[in-house]
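Working notes for the structure below.
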Amino acid sequence: MSLFPSLPLLLLSVVATSYSETVTCEDSQKICPAVIACNSPGINGFPGKDGRDGTKGEKGEPGQGLRGLQGPPGKLGPPGNPGPSGSPGPKGQKGDPGESPDCDSSLAASERKALQTEMAHIKKWLTFSLGRQVGNKFFLTNGEMMTFDKVKALCAKFQASVATPRNAAENRAIQNLIKEEAFLGITDENTEGQFVDLIGNRLTYTNWNNGEPNNAGSDEDCVLLLKNGKWNDVPCSSSHLALCEFPI
């Protein structure tokens, strides 16, 4: 390998070294004005990494924020307990006398008479269709079959009592009214063999069938009016026609 090609490079190095030792910065600027001035600030580098969080600061003073808008009204709460009664108010002034129309006694009497007439017509209709009237008694049936206790309850509901004939005329009126055997208001529930009405009075009229009362079933404590008008003792638990009497 030849050494000659390297010789020019070696000479250039020596010249550059010697030149750099003698040329100052001011001279270099005169020689090469395009060269950047010596010791001039460089270009800013990239931002560094974030530092660590500092210590927690002291609590600041309360802020002065603006008051918000008023919210919608809430739901109604439960009603409270009633308050104590207030004291009576002052007494008012006496009012003027009222005006009362003159009572027309003749008008009242005519209306009363008309009402009585209408009630009499109603009684006649009932008598014709459903019942019989004898003296001051009105016998009525609803046509239903029931036990003696239910008959008593039914009659009491209408402020009446179970039909109890006190004479032959009343007995015959009931006989003509019924189409089925009906209970009478007579029993010997309290004392066997001693038949009385429902308020405990002894009977002053009877119309027993032949051989009756015989208490054949040992519990025949009620009385039945047969279709022939005669009486027979029967159990109160049996069901027969309901018949009531109304005082008029």
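Cβ atoms are placed via backbone N, Cα and C, with glycine included.
Feature list (source: Swiss-Prot):
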{"type": "SIGNAL", "residues": "1-20", "note": "signal peptide"}
{"type": "DOMAIN", "residues": "42-99", "note": "domain 'Collagen-like'"}
{"type": "MOD_RES", "residues": "Pro47", "note": "4-hydroxyproline"}
{"type": "COMPBIAS", "residues": "49-61", "note": "compositional bias 'Basic and acidic residues'"}
{"type": "MOD_RES", "residues": "Pro73", "note": "4-hydroxyproline"}
{"type": "MOD_RES", "residues": "Pro79", "note": "4-hydroxyproline"}
{"type": "MOD_RES", "residues": "Pro82", "note": "4-hydroxyproline"}
{"type": "MOD_RES", "residues": "Pro88", "note": "4-hydroxyproline"}
{"type": "COILED", "residues": "112-130", "note": "coiled coil"}
{"type": "DOMAIN", "residues": "134-245", "note": "domain 'C-type lectin'"}
{"type": "DISULFID", "residues": "Cys155-Cys244", "note": "disulfide bond"}
{"type": "DISULFID", "residues": "Cys222-Cys236", "note": "disulfide bond"}
Cα-to-Cα gap, Pro82 (4-hydroxyproline) vs Pro88 (4-hydroxyproline), nearest whole Å: 17
Number of other Cβ atoms within 10 Å of the Cβ of Pro47 (4-hydroxyproline) across all protein chains: 6
For the domain 'Collagen-like' (42-99), mean pLDDT (0 to 100): 79
All-chain count of other Cβ atoms within 10 Å of Pro79 (4-hydroxyproline): 6
For Pro47 (4-hydroxyproline), the one of Pro79, Pro88, Cys155, Cys222, Cys236 that lies nearest, given that the recorded positions are compared by Cα: Pro79
Cβ neighbour count (within 10 Å, all chains shown) around Cys236 (disulfide bond): 19
Cβ contacts of Cys155 (disulfide bond) (under 8 Å, same chain, 6 or more positions away): Ser161, Val162, Ala242, Cys244, Glu245
Secondary structure composition of the domain 'Collagen-like' (42-99) [DSSP: H/G/I, E/B, coil]: 0 helix, 0 strand, 58 coil
When distances run from the Cα of Cys222 (disulfide bond) to each of the modified residues Pro73, Pro79, Pro88, the nearest one: Pro79
Spatially closest candidate among Pro79, Pro88, Cys236, the listed recorded positions, to Pro73 (4-hydroxyproline) (Cα to Cα): Pro79
Pro79 (4-hydroxyproline) versus Cys236 (disulfide bond) - Cα distance in angstrom: 59
Disulfide-bonded residues compared (Cys222, Cys244) - highest count of Cβ atoms within 10 Å: Cys222
